[in-house]
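Student: Taken from Swiss-Prot, the feature ATP binding site applies to Gly12, Leu13, Ser14, Gly15, Gly16, Gly17, Lys18, Thr19. Annotation comment: Swiss-Prot describes Asp62, Ile63, Arg64, Val65 as GTP binding site.
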Amino acid sequence: MNFDKFIVIVTGLSGGGKTVTLRTLEDIGFFCVDNLPPPIVLEFLGMLNEYSSFKNIAIGIDIRVQQFLEKATELIKRIKDIYKIEVLFLEADDDTILLRYKETRRPHPLSTHYNDLHKAIKQERELLYPLRCLSDRIIDTSNLNPHELKFLIRSMYGAEKISPSITIISFGYKKGIPANADLIFDARFLPNPYFIPSLTDLNGKDKPVKDFVLKQNETIEFLTYIKNFLSFAVSGYKREGRAYVTIAIGCTGGRHRSVVLVEEIADYLRSLSLNPVVIHRDL
């Protein structure tokens, strides 16, 4: 196996953030090439191996090479036998992708086959599913803006990284658990401010809700447990060389208890010289 080169295959849904990712990788020193037909990837890598000094290489593969997708999965398996490689898959939920296409007004790669953008997105998910199954990392960018995605990619692949990039999400179980969560903490056992009439329409960023949640003995104990665990776990992630970690804290609706806890844990992580990305999914 050739350990002199590190290769990142960047793939995923159109509108998922692949362009931002490739540009960020280029900014941190990767040699990047996009939309390379899978049949010539091995030949391309062989040329780089012989004639260039690039150590880090990123290759974009997406639905635009649809006619080669069946070969792409086999190709990746072959590359993994030769090079140190990581497959990064970027995705987002349908509503987010629809909004991004509405904002950019760019045509979807499958728009020539499907007049309905919903159908194009559905078909793309199906076509790319085999690549998704081969991926080493899957990033859901639904709640990330371009700046946050750049920060995440830099933290994952930049030479300067020391600590893992941490994303911390508040959510409501009513709408499901975040698909990309590595650690999940369930706060539904804590007293619920939703049932206090004066607090029902507020959220965890409002001081009355925050004061109510944080004065509970259960909350104090729970926060202590989470902080102690994360202090221990983050040091382990550093030793492991883990690039990023997504922490999710949930309550029933995702508007009160989980929001308060996420803000508290984010402040604690900042005290450890970490810079977490905070997402309140259901606010």
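Backbone N, Cα and C atoms are what each Cβ position is placed from, and that goes for glycine too.
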Student: Given the binding-site residues Ser14, Gly15, Gly16, Gly17, Thr19, which lie within 10 A of Asp62 (GTP binding site) by CA-CA distance?
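Tutor: So far as Cα distances go, the binding-site residues lying within 10 Å of Asp62 (GTP binding site) are Ser14.
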Student: Take the Cβ of Gly16 (ATP binding site) and count every other Cβ within 10 Å, whichever protein chain it belongs to.
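Tutor: Result for Gly16 (ATP binding site): 26 neighbouring Cβ atoms inside 10 Å.
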Student: Cβ within 8 Å of the ATP site's Cβ centroid: which residues qualify beyond Gly12, Leu13, Ser14, Gly15, Gly16, Gly17, Lys18, Thr19?
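Tutor: Everything else in range on the chain: Asp62, Leu90, Glu91, Ala92, Ile97, Thr141.
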Student: Expressed to the nearest Å, what is the distance separating Arg64 (GTP binding site) and Gly16 (ATP binding site) at their Cα atoms?
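Tutor: Here the two Cα atoms are 14 Å apart.
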Student: Quick one: give me the count of other CB atoms within 10 A of the CB of Gly12 (ATP binding site).
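Tutor: A 10 Å sphere around the Cβ of Gly12 (ATP binding site) contains 28 other Cβ atoms.
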Student: Other than its own, how many Cβ atoms are within 10 Å of the Cβ belonging to Lys18 (ATP binding site)?
Tutor: 22
Student: Looking only at DSSP and grouping its letters into three states, which state does Lys18 (ATP binding site) belong to?
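Tutor: In three-state terms, Lys18 (ATP binding site) counts as helix.
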Student: Helix, strand or coil by DSSP: which one applies to Gly12 (ATP binding site)?
Tutor: strand
Student: Rank the binding-site residues Leu13, Ile63 by the number of other Cβ atoms within 10 Å of each Cβ and report the first-ranked residue.
Tutor: Leu13
